[in-house]
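What TrEMBL annotates here:
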{"type": "DOMAIN", "residues": "174-364", "note": "domain 'Major facilitator superfamily (MFS) profile'"}
{"type": "TRANSMEM", "residues": "12-34", "note": "transmembrane segment"}
{"type": "TRANSMEM", "residues": "41-60", "note": "transmembrane segment"}
{"type": "TRANSMEM", "residues": "103-122", "note": "transmembrane segment"}
{"type": "TRANSMEM", "residues": "128-151", "note": "transmembrane segment"}
{"type": "TRANSMEM", "residues": "172-194", "note": "transmembrane segment"}
{"type": "TRANSMEM", "residues": "214-233", "note": "transmembrane segment"}
{"type": "TRANSMEM", "residues": "245-262", "note": "transmembrane segment"}
{"type": "TRANSMEM", "residues": "268-290", "note": "transmembrane segment"}
{"type": "TRANSMEM", "residues": "331-356", "note": "transmembrane segment"}
Amino acid sequence: MHDYLHQSLTVAGTVLFFNSITLIIGSWLGGYIYDHGKVRFFLILSVLMQAASVFLLIFFHDWPCFAFLLILDNFGNGISSTIVSSLATGIKEKDPRYVFNMIYFMQNVGVVAGTMLVGYVIEISINMIFIVNFAMYAVFLLIVWLFYFVPQHVLAKHASQKKGVSDKTPKKAAIVIFAALALYFAIDVGYSQWQSNLSVYMGQLGIPVKNYSLLWTINGIIIVLIQPLINRFDESFQTKLTHKIYLGIVLFAFGFSSLIFAKSYPYFVLSMAIVTLGEVLTFPTFPAFVSSLSSFSEKGKYQGLVTAFPALGRAVGPVLGGIIIDNFSYAALFTFTSAFVIIVGSILIGCVEINLDGNGEIKK
């Protein structure tokens with residue numbers, strides 16, 4: 001928006017903020033749909049909405065059409081991604097940890113491939129970006145049409161709900177879930193600094209923009225290499241979801257605070273590596289953890305919140321970071337993000353200890 005459409009950074013930031021808000025609304029709606037029926041119909045409809053938005057961008061990518069279509073695409077993404085995550089909770093043949101790890105892994109394979117290709121594609125024309133994007137949505141739509149069906153036990157659940165039979169998530173489980181979601185929010189407030197304010201900070205230190213971009217390539221490579229190893233480790237040792245989250249808290253807190261001392265590029269690479277390890281451990285674990293605690297009739301509701309809370313963190317993070325930088329310093333920002341994760345993480349640990357037993361089951 002800034003480089004090609006010549007809009008101010010304030011306008012671009014406002015559009016991205018509304019982009020996050022529509023993702024949150026779409027996530028809530030996707031969860032509601034999953035819990036109340038017509039799942040397949042609305043999943044196909046949401047993917048069609050995304051495909052149509054990107055198709056129109058091929059021809060209408062001037063201002064303000066670009067902003068409107070981008071927001072519409074993200075609204076559809078909120079619905080479809082939440083329904084897909086909710087459908088994943090219904091897969092009984094595989095451990096939920098494996099399912100969500102693989103979803104996260106394949107998402108990042110796409111990110112790495114897209115990041116590598118975009119530089120070459122945009123040299124052909126900016127239109128080609130939208131053409132390739134539309135082709136990917138067309139493939140996704142075909143996959144959804146052929147393979148994404150609602151499991152029979154979920155259909156039975158919807159039928160029982162129509163008869164007035166439903167189960168609610170126990171209060172103790174809900175407390176732990178919202179503590180976990182608060183931690184996810186806190187982590188993304190810090191993580192979003194890497195995607196926004198950190199690029200400015202590195203520029204002030206004389207580090208080229210291409211080196212900043214390379215950090216995200218490193219991030220993707222670490223995820224693609226490490227995630228399969230974590231899958232194998234989980235299968236072999238049946239690691240507890242809470243232990244992965246606890247280790248993630250330590251890694252994020254250390255990674256964010258290490259930026260205080262980062263004055264040269266190798267330090268930023270090290271900090272990114274630490275944060276990425278925390279990401280690999282926690283980001284696919286949150287939906288699995290929430291799924292393990294939520295009731296059968298509220299899977300969609302809570303998976304929607306799993307999408308919404310980090311999106312809210314990404315919306316608030318850059319603005320909050322800018323306020324802290326303007327009034328204090330970058331060091332204060334890095335201290336705040338680290339402390340925020342530690343405080344909210346400690347609250348989650350306390351909630352888990354009070355409400356769950358050693359096997360992750362709700363205490364009687």
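Cβ coordinates come from backbone N, Cα and C, glycine included.
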Average model confidence [pLDDT] within the domain 'Major facilitator superfamily (MFS) profile' (174-364): 91
Contact between the transmembrane segment (172-194) and the transmembrane segment (331-356) (3 or more Cβ pairs under 8 Å, separation 6+): yes
Outside the transmembrane segment (128-151), six or more residues from its ends: residues with CB under 8 Å to it: 39-40, 43-44, 47-48, 50-51, 54-55, 57-58, 61, 84, 87, 90-92, 117-118, 121-122
Same-chain residue ranges lying at least 6 outside the transmembrane segment (331-356) that approach it to Cβ under 8 Å: 172-173, 175-176, 179-180, 182-183, 185-187, 189-190, 193, 197, 242, 245-246, 249, 252-254, 256-257, 259-260, 321, 324-325, 362-363
